[in-house]
Amino acid sequence: MEPFVALRSAAVPFARPNIDTDQILPARYLSRPRDDNHGAYLFRDLRLATDGSEVPDFPLNQPHWRDARIALGGRNFACGSSRENAVWAFYDHGVRAVIAPSFGDIFANNAVKNGMLAVTLPAADVATLIAQVQADPAAEIAVDLPSQTVTGPDGATYRFEIDPFAKKCLLEGLDEIAFTLNHAEEIAAFERRLGRDNY
Amino acid sequence: MPGSEAPEARTMFEKIWSRHRVLERDDGQTLLYVDRHLVHDGSAPAFEMLRSRGIAPRAPDRIFATPDHYVPTDPRTRQAIPNDEHRGMVEALERNAAVSGFRLFGLTDGNQGIVHVVGPEAGLSQPGMLIVCGDSHTSTHGALGALAFGIGSTEVAHVLATQSLWQRKPATMRITVDGKLGFGVTGKDVILAIIAQIGAAGATGHVIEYAGSAIRGLSMEGRLTLCNMSIEGGGRAGMVAPDDTTFQYIAGRPFAPQGHDWDAALMRWRALPSDPEARFDTEVTLDGDAVAPMVTWGNSPEDALPIDARIPDPAMEPDAERRAIMAGTFAYMGLIPGTPLEEVAVNRVFIGSCTNGRIEDLRAAAAVARGRRVAEGVTAWVVPGSAPVKRQAEAEGLDRIFTEAGFEWREAGCSMCLGTNGEIAAPGERVASTSNRNFRGRQGPGARTHLMGPAMAAAAAVTGHLADVRRLMVGG
Ligand code: SF4
């Protein structure tokens, strides 16, 4: 996994609440292998019309936001289906950090496992950031994981909380499976202790 | 801590959580042991991740699998799956089962079905268990008094490799529904009413326990429907305390404990319900007497209203931002503000899914379909949740009731709930659906979904529009 430390970039806003992972990655792309470029499917049905032409006012089609590496989301961002492909779509497109007032739990978990940072900030702060990038699409936002801060285009700094282990995994690009396999003995001891009827 | 001598009152969630604790880290993360790992035909990427690391599944005897997302629901064999990618997903599952040695209820197996229908039905999902599956509706299994939640592909790979999962302890929420559900009101209506009240993010970060007399009065199948949609309210998991309804449901199922083991299991299971003094982080209440048959009008499950209501009018919405969001929803859904819900005409009806594809659901739909005809211009499908549900329905003659009324009677699978197998509605088509998500494009690009219970969906099929099923029911 590629480590995540810090990032400064334009930020593409998706302000609507309850944007679900079916929007982020439509179901018909779920059978594509991981090494496919999932960036091509990101918000496919909102970004492109049925004839394949770009929907002009969709944020990802705006010149300054095409290559944004940060996304701003509304409340309950990426709720719904557990499809990790939704994270792959952002990742392959180049987005490495998403900032929102709240996330679908599974999406937030999936993000960390793929080296993508999901930052939760108070709704008012996210609204401020969205208003700022909408007023000036070229404006940049900075995300710094070691200090756990987001810096807005105006220099205002917002501190965010993150699970210490998630932070460590992101900073070091740690493979959690390898980490847990170091605990194989404890898992085996648990299995012996409780036998088959541990529930 | 003063008073720590006295046994602490614990919630059911806490009892299950602490029983599955392998180890705890200083940073508050807990490694939890997984009793049952359910797998479906969308799980191929996780097996790839494992293979690329050269690791084999740690406990194949704890893995149970069935293809559901990519299987066609017209008459089928594997060779008959026309789409290469879809067939590839089903074949990958078969290969992974053969290589890893876990139990697969394959395409032509008598137990095949939607993974969340199969688990409870086979007796694989039991009280007190920790159950995971790479699918968000794993919350379904909590209806049996288990802690069950959905995970992503990397987490599936982690569970395959280690039979365990790191978790930070979630908060607890109790949703109490007291009272007696009215005529024609089902578990589906209760959960839609709950989500309408708390919102689609209302339970984010929480494990929900459903309690109260209206919940205890639900059948096992009603509870499965209820817990299924916990994720639609943002919940990590949903659960109902096991009771005699639960035990009667499990007894005698293929993987249920038997004989002495059954007695021992019952002893453990009876100790699971939350202690009377146990505290929850959040409490929510809902009046069971007041719940009516519900339908959704928008693109979030929180957009649910009683069937006798009118579609809201954005002009009445004071908040400009909300007004703009509603305008987008109306455009997508092709609705006119202020219209009575019952005047909304439908093109298609889908009865099935892990929410409402069980035998009781099909009985409820058949009771409405009996002796009636699917309205002109409406295409109506009944897709049993599993092969055993299909057999049972056929034994009861439900298939004939449906086909005589003009419904299509199909094979088991996820089908139009998500359409990954290609069974989708056309752009602009309006679907009355018993599934769990009305997201834009969920049933196909441009398709418009209205969620409701199975009897309500049957009522929509025979009337051609969203309809109050109570008027079509005997005694109504
Ligand atoms: S029926 Fe629908 S919600 Fe349930 S597992 Fe299948 S696709 Fe998912």
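Just so you know, the numbers here start at 1 and follow the chain as drawn.
Cβ coordinates come from backbone N, Cα and C, glycine included.
Database features (TrEMBL):
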- B:CYS354, B:CYS414, B:CYS417: [4Fe-4S] cluster binding site (BINDING)
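Compute the center of the Cβ atoms of B:CYS354, B:CYS414, B:CYS417, which mark the site for [4Fe-4S] cluster; besides them, the chain residues with Cβ within 8 Å of that center are B:ASP68, B:HIS69, B:ILE114, B:HIS116, B:HIS137, B:GLY352, B:SER353, B:THR355, B:GLY357, B:GLY385, B:GLY413, B:SER415, B:LEU418, B:SER435, B:ASN436. Counting every protein chain shown, the Cβ of B:CYS414 ([4Fe-4S] cluster binding site) has 32 other Cβ atoms within 10 Å. DSSP assigns B:CYS354 ([4Fe-4S] cluster binding site) to a helix. Shown in sequence order, B:PHE350, B:GLY352, B:SER353, B:CYS354, B:THR355, B:SER433, B:SER435, B:ASN436, B:ARG437, B:ARG442, B:GLN443 are the residues of the chain, 6+ apart in sequence, with a C-beta less than 8 angstroms from the C-beta of B:CYS417 ([4Fe-4S] cluster binding site). DSSP assigns B:CYS414 ([4Fe-4S] cluster binding site) to coil in the three-state reduction, placing it in neither a helix nor a strand.
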